[in-house]
Structures are given as structure tokens and as C-alpha cells.
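Participant: One structure, pasted below without further comment.
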């Protein structure tokens, strides 16, 4: 398999298309056993406590204010990563206490194959929990330590994925502000997942006449010094160019096994001077001229002339021997074909929720028991198809008898996916009038974000996250205890969505908001110092 193959981008919602296959709802339907955890798995899982529908297991990592533990979802038996923020510890830092919930809100806006997926958010009296997908390929730092340095070929694969993800985030008005090797994970297929949005922020973003994106400037001095751009160290206002610089530092580290700028003894002033003079550590002499050119342009100390992501994506080195990079499609909602009906029905039955409610949470990417269970059951379904292909032909025959004969598909080693929800035909069993169909849900969500397609930032069509507020350590299977944010916030979101839809009808773009990002206290991460080396 080609290492440079990019993940398949999410497709836009096609609200006007219906189910043209003519298949019945049972087409390719998986048996109930596909969604059952392995016998004894939940009972034997070593854990310290249970929160919501999760058993909290061994620690995977920790920081100043949070720890990350492995967790087990009891309904599916699937493993997850659970980030636990201590409210008591967070009180010691006003910035952390103020922005503790920002990471969850930002991750709700993102649906990209190279960004970790947020599944559920929970909150108890003493802790705040972010449940995320578990990346089975390990952390990128360990991988780089083992390899010492990567080839241009492999580095290109990872940088392509990071660039696509960051460009997508910037289109939504999101700055990561802490892109570093330590915040990269790998899937089992060795694709990158960007994690840790604890220092991220949202800003206004509007397109300019040159096709680029202009954002509001931030002032908070934050990140890891070794990866932070010079303008951040100098306490100057900054924008999306800081993430471009950090991509350059990561690329340098992958190619050489070292950080580009190291000062001993460490001082911000000395580090800043090295950056401004472009006094890099040595690079391998075998690097191509095209590779060196991109590195120098990424690590340009002047943000005004630093290469833009749009130009990075079209750079010859990044597109060598591979297809040209393209921006990820907007908006970030699921295509209707990804709403597998058998999975939706399983979630509805397990959580005792109306099918429309489950579909709405999934379509809105709303971190909740519904989204978490849907995502994890989708993983179970895919694994079942791979491990039990012999169980699928009967499903295929059932499908063929329920509609007109279709042209035989070419032979393939990939078993068919379960049937997509036929949006125009499907109606929720819980709706007496049949008016609240998944088709209407897709149309409503699509209309709410349509005016933001160009600006791509902070669209108001997305409702606030739902948080499961539980007694400390209490078990709450399903979605019992889930309450939305304040009614005022919900009303504001509904009003904003209505206004956005009105603007869409008028063919206008909504005005983007502004965020005051100025703080006097530097927010540097202690995980990586400027004097650190990636080699052991």
C-alpha cells in the first residue's frame, strides 16, 4: 500500500439526493452479534472506577492539569482514551479554570480524518472528562525515537496529512497553537491524528480577494517554546502563520531527529535570536533541494512573508509522486451514506432513544452517548465485515430480491457496507406525524451552515454541546442525566440558526464574531523545552 495515500476526505451532505438503489431497509443488515462485546471482556477489564458508560483503566499519560487514561465503553466493549481534568487542580491557574471547557467545544466543530474524534463529554463534581477515540498505532514521539529520523518519502506522507488538517481547522477559524511531535498520534494504519486542543482558540475568519483566509489576531503567549513562532516569543499579535511555523518545526524534527533551534542554557531571548537569524541545527546532506526550499519557507521568521498554507499545499515537494493536495470539503457533517441504518437502530435500541434523536446527535457531531455509541458500533461493524466476510453473501441476496436488479459490481476484496439510511423513505417510529425525518434533519443542518461555506468560521448552526452531569464516580448508562447547556444558550443557538438560514435564503454571508484572546500570562507548555532533542 502506498504510504502517500491520503485519507478519504469527508463528503458534503447531499440533502437533495434520495435512496436510488431500491434496496429495502434490511439490505446488508448485520446480525445482532456484530454489535455485542466479546464475552467476559467487560467483566475482566481492570479499572479503578466507572464514570457514565466507561470503565476508567490504566493511565496513558499525564500533564500539569490533566491525565489521559484508557477506558472501556461497557455497551460495546470498545476501548477509548479519556482525558480527565481535575477541577481542583485547575483552580490554581486562572487560564485553565476559565478555558477548561473550550477544548470540547472546539473538537465538536471538527470532523477530519487526521484530527482525533471527540466522542463524549462528561462532568462530575470534581472532574471534567473528554472521551476520545483511542489511536492504536501509539504516539508519534515513540515512533520517531525508534526510527531516529524519517525519509523524505515518509515525512511527506505525514506532513501532507498535518497540512490538510490544519488548513481545515483554519477554515473554521481554529488555531491549534501547540502543534508538536508530542501532540501527534498514529492509527493502526499509520495515519496521523492531531490531539490536545487545550491551548487552541477560535477567531474570526473571512476570505480575502486572493483566496486566502484572514483571521483575527491573538495575543496570548502560549505553546511550547521550541515549536512556537518568533512572533509568539516576542509577544506580538499573531494569526494562523504560527501554526505554519510549527508545521515547519515538526517537518525538521522528522527529517533530522532534532529540533531546528536549541539553546543551552535555555532562555527565550537566546532562542528568539537564533530563530530570527535562522541558525538551524544541521540537516541531513542528502535532502533534496525542493525539500530544503519548503523547510526554509515554513521557518521564515517574518510572518508577513512566511509561506501560506495554500501555497504549501501546492508546493512541488509535497505533491511529488502523489496527487495534488486539495482542501477538505466543508461543512463537517456526515454524508447521508455514512449513516448506516443498522448501526443507528442498534444505538437507538441500546440507549432507549428515538431514532431521530440519535441521528440528530450524529449529524451535528454532538459529543454525547449517542455519538460515542454510534462511532464505536461503526468500528464493530467494520471489524465484523472484515473478520466474517462469509456472513455477508446472504445479506447481499436479501438485498437483491427487494428491488430492481442492479449492474453487477466488479470483484473486490472489500465486503459491502451496511445499507445507508434511505433519507427520503425513512421516518422515525417515534414521530406520530412523520414530519421529523432524517431527511429534514439533514436539510436543516445543511441550510444552517450553507451561508458559512465561504467564510467557513464559527457558523451558528451548530448547537451547544450536551454535557452529562453526574455525581462523582456514578454510573449513568445510556444518556440519563444528560442536560444541555443553559436554556438561554439553547435559545441563542436556535435564534442564530434561524438567522443563518434567513441569510442563506437571501444569498448573504453571516457576520463572524470576535474573540478577545489577549491574556497577560504566558501559556507555555512544559512538556517540551527549547533545549530538548528528539534523540536519546
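Cβ from N, Cα, C; glycine included.
Any TrEMBL annotation is an automated prediction that lacks curation.
Small disclaimer: the values here were computed from a predicted structure and weren't measured.
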Participant: Looking at 338-387, 388-437, which one is region 'Disordered' according to TrEMBL?
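Facilitator: Spelled out, TrEMBL records region 'Disordered' over residues 388-437, not the other listed ranges.
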Participant: So which range, 1-30, 31-60, gets flagged region 'Disordered' in TrEMBL?
Facilitator: 1-30
Participant: Over the span of the domain 'Protein kinase' (54-318), how high is the average pLDDT in this prediction?
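Facilitator: A mean pLDDT of 93 is what the model gives the domain 'Protein kinase' (54-318).
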